[in-house]
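Engineer: Input: one structure, supplied below.
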Amino acid sequence: MMLEGEFHTHMLPEFMIERRQDRCIRCRVCERQCGFNVHWYDEEMDMMREDEMKCVGCQRCAVMCPTNALVVKPHPGNYKPNANWTRERLQDLKKQAETGGVLLTGSGNDKPYRIYWDHIVLNASQVTNPSIDPLREPMELRTFLGRKQDRLEFKYSEDFEDIEITTELYPNVQIETPIVFSAMSYGAISYQAFKSLAMAASEFGTLFNTGEGGLPKELRKYGKNAIVQCASGRFGVDPEYLNVAAVVEIKIGQGAKPGIGGHLPGEKVTLPISVTRMIPEGTDALSPAPQHDIYSIEDLSMLIYALKEATNYEKPVSVKIAAVHNVAAIASGMVRAGADIIAIDGLRGGTGAAPKMIRDNVGIPVELALAAVDQRLRDEGIRNKASILVAGGFRCSADVVKAIALGADAVYIGTPALVAMGCTLCQKCHTGICNWGICTQDPYLAKRLNPEITAKRLVNLLRAWSHEIKEMLGGMGINAIESLRGNREQLRGVGLEDWELEVLGIKGAGE
């Protein structure tokens, strides 16, 4: 049980605030900008003061200070050094002793697991094959997501001038870049942030994922760029919701919290969110850990084809899972069950809220999962029957290029999009207080995010990454993204063990 009444915490502050009094003009901007009530004005002393115990390090006050009077940095106070009992472990124990609760956190896994992208390098053309200048020659990043035919058959006219495809084509979705916005639900993020993603995806010609919280009626005009989720809570799912979208995704798992469900507290379920999710206002939105109609591959197949039936077989159906130990076998079953797209969310996938112990200890890196899945599907001769979307830890365009060379068709990005909006990874998404207006339902905080401006920032990010991808493709002498897909000869490992190179399916540098 949580300690009540007056008691003195045993925890140390996480951050310290340095205030240049010679620069501070007592404008109280820092006080107004901080939703955690860190700053306050001392009338008697005519100076600003701060409660460092409340500071989460979001940097909003420092960024908005008109005189640059504030510096927020990690607190130097520490316990006696101990290799086994780090500061973080001690702080976590003390917090649980005071609250009696599960430790919650936001964002993705921040532990020092090996980041395989940083141990993989790309190839470049030298002498024997020419490189391509993307500024002067066309480069193709257009990607099609969905099941592909084994072969195409054509019917020719007698004079061979007219050609007709006789093969029945599966529904595919066209995107102009192999980058898609990850699932972030309305409720977990603000309406303004949600709308920004929709607007940016629509403008650039890619997709955004609604998450499991439904799609507001007024934003369904962006449906042709939406991946809508059918998750365990079935929030917001109705025929219109399914048919307005480009892709329907069955959410089985999430990289940040494999094997558990979700919980949106009632205080976040405002009237607009309750209408979108189709639940009473102010009630907790609980997503069960499993989908209670899926306990086998056969059950999954039934839901896949039920959704295909509901959408008149006009939408690709995706199935999203967390990257776990037997991910390759699971993915094979998903494809055979009828999934047109398989989405794999890795160990570093972000979240609005997750138990810290699960986020930091459950699942495997997406690099290894992707390589294993792509190889398994190729070995079984079914790779063309589904596209592979991967998520969880993509930080830059080079990560995207390496993922495609490992076998991905496209990647989800979540945290980079949030950072483009203003996020500083303070990891307090679960509190409902976000000084940048992203992960909050507080109208005062949410209005800080202007969808028109934020959408432009997101479009700029997509444009910059896409141009960098073209530069890297050109350097390899490749002019179309599809020629890179699964082309592991363009990759080499640096500083990796033999077993890691084997799983990744790449050679060591110099080979």
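Counting begins at 1 with the first residue displayed.
Positions of Cβ are set from backbone N, Cα and C atoms, glycine also.
Per Swiss-Prot, the features are:
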- Cys24, Cys27, Cys30, Cys65: [4Fe-4S] cluster 1 binding site (BINDING)
- Cys34, Cys55, Cys58, Cys61: [4Fe-4S] cluster 2 binding site (BINDING)
- 15-44: domain '4Fe-4S ferredoxin-type 1' (DOMAIN)
- 46-75: domain '4Fe-4S ferredoxin-type 2' (DOMAIN)
Engineer: Going by C-alpha distance, which of the binding-site residues Cys24, Cys27, Cys65 is nearest to Cys34 ([4Fe-4S] cluster 2 binding site)?
Structural biologist: Cys65
Engineer: Around Cys24 ([4Fe-4S] cluster 1 binding site), how many other CB atoms lie within 10 A of its CB?
Structural biologist: 16
Engineer: Round to the nearest Å and give the CA-to-CA distance linking Cys58 ([4Fe-4S] cluster 2 binding site) with Cys24 ([4Fe-4S] cluster 1 binding site).
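Structural biologist: Roughly 20 Å, rounded to the nearest whole number.
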Engineer: Take the domain '4Fe-4S ferredoxin-type 1' (15-44) and count its residues per DSSP category (helix H/G/I, strand E/B, coil), listing them in that order.
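Structural biologist: Once the DSSP states are binned, the domain '4Fe-4S ferredoxin-type 1' (15-44) shows 5 helix, 9 strand, 16 coil.
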Engineer: Taking the centroid of the Cβ atoms of Cys24, Cys27, Cys30, Cys65 ([4Fe-4S] cluster 1 site), which other same-chain residues have Cβ within 8 Å of it?
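Structural biologist: The surrounding set, listed in chain order, is Arg19, Ile25, Arg26, Arg28, Val29, Met48, Cys61, Pro66, Thr67, Ala69, Leu70.
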Engineer: Over the domain '4Fe-4S ferredoxin-type 1' (15-44), work out the mean pLDDT and round it to an integer.
Structural biologist: 97
Engineer: Quick one: Cα separation, Cys55 ([4Fe-4S] cluster 2 binding site) versus Cys24 ([4Fe-4S] cluster 1 binding site), in Å?
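Structural biologist: If we compare the Cα positions of Cys55 ([4Fe-4S] cluster 2 binding site) and Cys24 ([4Fe-4S] cluster 1 binding site), the gap is 19 Å.
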Engineer: Would you identify the secondary structure of Cys61 ([4Fe-4S] cluster 2 binding site) according to DSSP, in three states?
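Structural biologist: Note: Cys61 ([4Fe-4S] cluster 2 binding site) is helical by DSSP.
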Engineer: Whole-number Å distance between the CA of Cys27 ([4Fe-4S] cluster 1 binding site) and the CA of Cys61 ([4Fe-4S] cluster 2 binding site)?
Structural biologist: 12
Engineer: Within the same chain, and leaving aside Cys34, Cys55, Cys58, Cys61, name every residue whose CB is within 8 angstroms of the centroid of the CB atoms belonging to the recorded [4Fe-4S] cluster 2 site, in sequence order.
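Structural biologist: Near the [4Fe-4S] cluster 2 site, beyond Cys34, Cys55, Cys58, Cys61, sit Cys30, Gln33, Phe36, Val38, His39, Val56, Gly57, Gln59, Arg60, Ala62, Val72, Asn435.
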